[in-house]
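Peer 1: Copying in the features that Swiss-Prot gives for the protein in this structure:
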{"type": "BINDING", "residues": "88, 130, 134", "note": "Fe cation binding site"}
{"type": "ACT_SITE", "residues": "131", "note": "active site"}
């Protein structure tokens, strides 16, 4: 495992759409492992592959309940809304209030290639939406309603 460089600010990779992962192999496993180590080292709760310069649909999240790894994640259901302050490892020093769904259901693949569904509320819902936005070149600053 290795700590990877987190892309920041105006790095163009942060604005690009990520590609679907076709094959889950040792390279994807290494990417997941490195992303987890990088996220923990940076004291983050989530990290998307574009943040480490890889345009693949891969995210990792840990809001204190254990690590979640998702490949090709997609939001399949959103319920309600919540507003809270967000920050981002790729935008150090920036924060702002962002409206997100209160509850989300996300479908994706785990590292074994098995389809899984995760339902998140509160911080987990927010983190899932935030990291999936990264896969589409969207930053939380695009959605700030109040700084």
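Yeah, the Cβs are placed from backbone N, Cα and C, and that goes for glycine too.
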Peer 1: Rounded to a whole angstrom, what is the C-alpha distance between residue 88 (Fe cation binding site) and residue 131 (active site)?
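Peer 2: Spelling it out, the Cα of residue 88 (Fe cation binding site) and the Cα of residue 131 (active site) are 10 Å apart.
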Peer 1: Near residue 130 (Fe cation binding site), which residues of its chain come within a Cβ-Cβ distance under 8 Å, counting only those 6 or more away in sequence?
Peer 2: 46, 86, 88, 100, 140
Peer 1: Cβ within 8 Å of the Fe cation site's Cβ centroid: which residues qualify beyond 88, 130, 134?
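Peer 2: What remains near the Cβ centre is 46, 48, 51, 86, 89, 90, 131, 133, 139, 140.
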Peer 1: Check residue 130 (Fe cation binding site) against DSSP and tell me helix, strand or coil, would you?
Peer 2: helix
